[in-house]
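Novice: What follows is a structure written as structure tokens; I'll ask about it next.
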Amino acid sequence: MLHSDQDKGDGSLKYILSGDGAGDLFIINENTGDIQATKRLDREEKPVYILRAQAINRRTGRPVEPESEFIIKIHDINDNEPMFTKEVYNASIPEMSDVGTFVVQVTATDADDPTYGNSAKVVYSILQGQPYFSVESETGIIKTALLNMDRENREQYQVVIQAKDMGGQMGGLSGTTTVNITLTDVNDNPPRFPQSTYQFRAPESMPLDSPVGRIKANDADVDENAEIDYSITEGDGYDMFGITTDKDTQEGIITVKKALDFESKNLYILKVEATNTHVDPRFLYLGPFKDSATVRIQVEDVDEPPMFSRPAYIMEVKEDVPLNSVVGTVTAQDPDAAKNPVKYSVDRHTDMDRVFNINSGNGSIFTSKPLDRETLLWHNITVIAAEINNPKQSSRVPVFIKVLDVNDNAPEFAMFYETFVCENAKAEQLIQTLSAVDKDDSYNGHQFSFSLAPEAASSSNFTLQDNRDNTAGIFTRKTRYNRHETSTYFLPVVISDNDYPIQSSTETVTIRVCACDHRGKMLSCNAEALIHPTGLSTGALIAILLCIIILLVTVVLFAALRRQRKKEPLIISKEDIRDNIVSYNDEGGGEEDTQAFDIGTLRNPEAIDDNKLRRDIVPETLFLPRRTATARDNTDVRDFINQRLKENDTDPTAPPYDSLATYAYEGNGSVAESLSSLESVTTDGDQDYDYLSDWGPRFKKLADMYGSMDSDKDS
């Protein structure tokens with residue numbers, strides 16, 4: 001209440017209020033000065049209000065006293081419950097954790113005044129989650145309260161925590177929050193096989209690295225704690241089989257490492273062990289983190305193809321062996337217990353020439369054609385062995401046959417020798433060195449001997465000297481040679497080898513006598529060069545002959561062109577000359593001109609004269625013209641073409657090679673006969689063109705042109 005000493009109670013004064021909340025939260029009675037609150041005040045919104053009050057004269061509005069300021073302070077009451085910072089908390093701890101392990105800390109706040117009473121003093125307690133967890137009342141720290149909590153038994157826990165003010169006393173306000181706690185996995189469980197023995201079957205034909213079966217050990221842990229490594233620790237199939245781990249399914253895959261053979265062994269017993277790859281030392285006390293099981297693998301018998309005794313065969317045979325000689329033998333057997341009989345054959349794709357054959361019963365390979373080492377040294381064939389009862393069961397083996405050499409080729413010159421001797425040569429002069437080659441093979445090296453043939457040894461003008469190093473030299477026997485007497489000598493040389501049997505051949509050396517200078521350089525080997533010193537050489541004669549041939553060809557071509565030019569038409573037209581039509585470029589009278597042209601004038605079969613020659617070229621008399629039957633009136637084009645084709649096929653003057661015959665069919669003739677003036681070249685007299693004027697306006701231009709020509713002649 002506000003009261004002024006100047007207030008006499010006569011109503012002359014008026015009280016006014018200003019400041020925080022004046023007129024809204026706080027009002028004043030202008031007559032009495034009583035101050036009242038209009039709404040409920042909340043300390044948490046505004047704890048202090050500052051107001052100013054004053055008394056003024058109601059009539060003049062002037063203050064009668066100075067303005068008074070006063071402070072209104074709101075006292076707190078417990079009207080706010082504690083609030084957690086999160087509605088839901090999430091936390092995780094490893095399973096098997098010790099008691100008192102920290103999980104998470106929760107926090108709650110109270111909006112009440114912490115300095116006034118216990119309205120803001122918060123105490124924490126656990127409403128749900130015992131006996132697994134506990135919470136510290138003052139700090140809100142949640143800890144484990146039970147030993148050896150196992151994730152495999154229970155993984156998720158939901159804990160409800162309460163925060164209460166007034167120090168937890170009666171009448172205090174409270175709030176709650178939920179804490180979701182997850183137990184994370186640790187490797188506290190070893191792998192365990194669900195059964196102690198596994199059985200699988202595998203056919204003996206199973207390829208290497210093929211899977212035989214899968215086994216799996218169960219592990220209650222997850223992720224890397226459940227990773228398992230499988231191994232074969234012992235058993236009679238330790239080296240026959242292998243095992244790997246499927247990383248996706250954690251299964252052990254048993255595979256074949258070596259080829260199986262039912263006839264050798266049909267049962268294998270293995271011991272397989274499963275071990276955790278990540279072991280936690282803290283839980284080793286729980287036992288070994290591995291397990292083992294027995295695996296029995298039964299090998300099944302299948303029908304197998306025959307097996308050769310070797311993966312490949314190498315044989316040798318001499319090239320001079322007789323036909324049907326045995327080269328070698330291959331052997332194959334059926335590995336099955338039935339021991340089915342086997343037949344042999346040669347894959348003809350590897351022996352297209354059928355040089356070899358094989359005995360289908362015993363596998364012996366023999367020759368069927370002659371061999372030649374110099375043609376082909378190695379023969380690579382394939383032999384097929386198949387079961388007689390089941391030919392589909394077959395196998396192949398390569399056979400390499402080497403042809404051994406025998407001395408069946410005579411030595412021969414290493415090259416063709418054509419040498420010369422000078423006319424002024426001296427006796428015992430070396431003019432050529434010879435060497436030889438032999439197609440046969442020699443392990444110790446070839447040794448050739450050279451000699452003159454018996455018929456030339458005594459009468460020859462040359463001698464031969466064997467150098468004993470597979471070469472020989474030809475020497476002159478006399479001092480001078482005359483090329484005009486003898487221009488060429490043929491010297492037979494016998495070459496022999498030293499192998500068994502000895503092979504020899506006679507080779508001929510051509511020796512020409514040539515003119516040489518004083519230094520022995522060849523000048524000419526032509527015997528006619530001195531007899532006709534002014535004659536021409538062979539090269540010059542060939543050049544002259546070529547010139548004559550070219551000249552003759554030129555003359556023939558020129559004559560052909562002249563002849564072709566005579567056949568050219570006297571009037572050159574843009575159209576095909578065989579049509580015998582001259583283009584005048586004269587336009588018609590249009591659609592209304594119905595009298596300009598009558599098609600009936602072109603259909604007069606009587607107007608065709610078979611004896612007449614073409615008038616647009618100069619006639620030639622090489623062949624007499626053929627007489628053809630006149631086409632019937634209204635004959636269509638197909639009959640016309642068939643008739644001309646038949647005439648051309650039966651024409652004795654037709655060329656003996658394929659040719660193109662072209663015909664132009666315009667109908668059966670015209671009653672007006674030909675309009676061309678070219679026929680005048682075949683007659684001696686002049687033509688009279690006055691009749692063109694009678695043909696109407698369509699031919700006026702043509703009549704004027706030829707009429708002017710006649711007038712020129714008369715003048």
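Cβ coordinates are placed from backbone N, Cα and C, and glycine is handled just like the others.
Heads up, TrEMBL stuff is auto-annotated, nobody curated it.
These came from TrEMBL, pasted as-is:
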DOMAIN    4-84  domain 'Cadherin'
DOMAIN    85-193  domain 'Cadherin'
DOMAIN    194-308  domain 'Cadherin'
DOMAIN    309-413  domain 'Cadherin'
DOMAIN    413-523  domain 'Cadherin'
TRANSMEM  540-561  transmembrane segment
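I would like each feature placed in context: is it buried or exposed, what are its neighbours, and how far apart are things?
Specialist: Along the domain 'Cadherin' (4-84), the predicted structure has mean pLDDT 79.
The DSSP breakdown of the domain 'Cadherin' (85-193), given as helix, strand and coil counts, is 3 helix, 47 strand, 59 coil.
For the transmembrane segment (540-561), same-chain residues at least 6 beyond its ends with a Cβ under 8 Å from one of its own Cβ atoms do not exist.
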